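Only one structure is covered here, and it is reproduced in the block below.
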Amino acid sequence: MIWFTEYQTPNTGLTVKVKEAKTVKSKYQEILILDTYEYGKMLVLDGAVQTTERDEFIYHEMLAHPALIKHPNPERVLVIGGGDGGTIREVLKHPSVKEAHLCEIDEEVIKISKEYLPTISCELNNPKVQVFVEDGNKFLDERKSYYDVILLDLSDPVGPAEALFKREFYTKVKNALRENGIMAAQTESPFLQELYFKTAVNEIKQVFKYFGTYLAFIPTYPAGMWSFTLASDDVDILKYEESEFDKIKDLKTKYFCDKIYTSLFSIPKFVSDLIK
Ligand code: SAM
């Protein structure tokens, strides 16, 4: 019998029973594909769970839809990281989107996801999608005032993603957005990764005029409590327009819905205290 444990802190972890395992060592990280009893196929990078077939919809819907709903007409979207393809799949549910770019540093993550996670990577070959195998930090050096929405679907701020949680990088994101542009970033667990969370949100606040942090319940992520942050220089993130709710009616989702959107920024007091 095989069991896998992700050590989420030095003192606690998530343990799952595994049917089969495959490991690949890429230029950037150790990639594991586990076939688990409870969560289906699971993608693990350098020991950290990235996504699972059973609960991936929560993370991908919650990263993509709030930003795409809030933007008045998102046509050009960039996902940085996200080589499994789940965020791109959600982006393409918005009919206004004409171009969806994916910038993933590790080609092996894309290859493995296409082979083992077809329900997640299913839209990566869509003609609206262009895939760039590059470091997101360098990629943005050449992109100015181009995107309507940029989604940061990154692994933890250690290893290849470390620099992409700093204000110099968020400034590049801001410069790559055109008028009314919105960024959405995964900003870690405010419960078990308090410092990562506080640091990421505080860096974002230094760069953008408007911001709003929200949470989702994701069973396989540390503490099951995960955060995301929207930011913009032009769109007042905390204000709602009636037209935003019209767009939600036509979306096919399993977690994200109008009730979640209405109360998106109602977060627990201890979480808002961390980012005051
Ligand atoms: N849902 C995930 C989470 O929060 O754990 C994120 C999943 S996604 C697989 C993260 C991806 O970011 C990985 O495939 C990793 O290779 C990619 N990545 C890390 N650093 C990057 C960088 N500098 N540029 C582009 N992609 C990067």
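Each residue, glycine too, has its Cβ placed from N, Cα and C.
Unlike curated records, TrEMBL annotations are generated automatically.
Not measured: the values here are computed from a predicted model.
Over in TrEMBL, the protein carries these features:
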ACT_SITE  Asp153  active site, proton acceptor
BINDING   Gln29, Glu104, Asp135, Gly136, Pro160  S-methyl-5'-thioadenosine binding site
BINDING   His60, Asp84  spermidine binding site
DOMAIN    1-233  domain 'PABS'
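Overlay of TrEMBL feature records on the structure.
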{"residue": "Gln29", "record": "S-methyl-5'-thioadenosine binding site", "Cβ within 10 Å": "20"}
{"residue": "His60", "record": "spermidine binding site", "Cβ within 10 Å": "26"}
{"residue": "Asp84", "record": "spermidine binding site", "Cβ within 10 Å": "25"}
{"residue": "Glu104", "record": "S-methyl-5'-thioadenosine binding site", "Cβ within 10 Å": "26"}
{"residue": "Asp135", "record": "S-methyl-5'-thioadenosine binding site", "Cβ within 10 Å": "19"}
{"residue": "Gly136", "record": "S-methyl-5'-thioadenosine binding site", "Cβ within 10 Å": "26"}
{"residue": "Asp153", "record": "active site, proton acceptor", "Cβ within 10 Å": "28"}
{"residue": "Pro160", "record": "S-methyl-5'-thioadenosine binding site", "Cβ within 10 Å": "19"}
Distance-selected binding-site residues near ligand 1 (C-beta under 6 Å), from His60, Asp84, Glu104, Asp135, Pro160:
Asp84, Glu104, Asp135, Pro160
So the record assigns Gln29, Glu104, Asp135, Gly136, Pro160 to S-methyl-5'-thioadenosine. If I measure every Cα pair among those residues, what is the longest distance in angstrom, as a whole number?
16
Which three-state DSSP class does Pro160 (S-methyl-5'-thioadenosine binding site) fall into?
helix
Tell me whether Asp84 (spermidine binding site) sits in a helix, a strand or coil according to DSSP.
coil
For Gly136 (S-methyl-5'-thioadenosine binding site), identify the closest of the recorded positions His60, Asp84, Asp153, judging by Cα separation.
Asp153
Measuring Cα to Cα, tell me the gap between Pro160 (S-methyl-5'-thioadenosine binding site) and Asp153 (active site, proton acceptor) in whole angstrom.
13
Rank aside, I only need the closest one: which of the recorded positions Gln29, Glu104, Asp135, Asp153 has its C-alpha nearest to that of His60 (spermidine binding site)?
Asp153
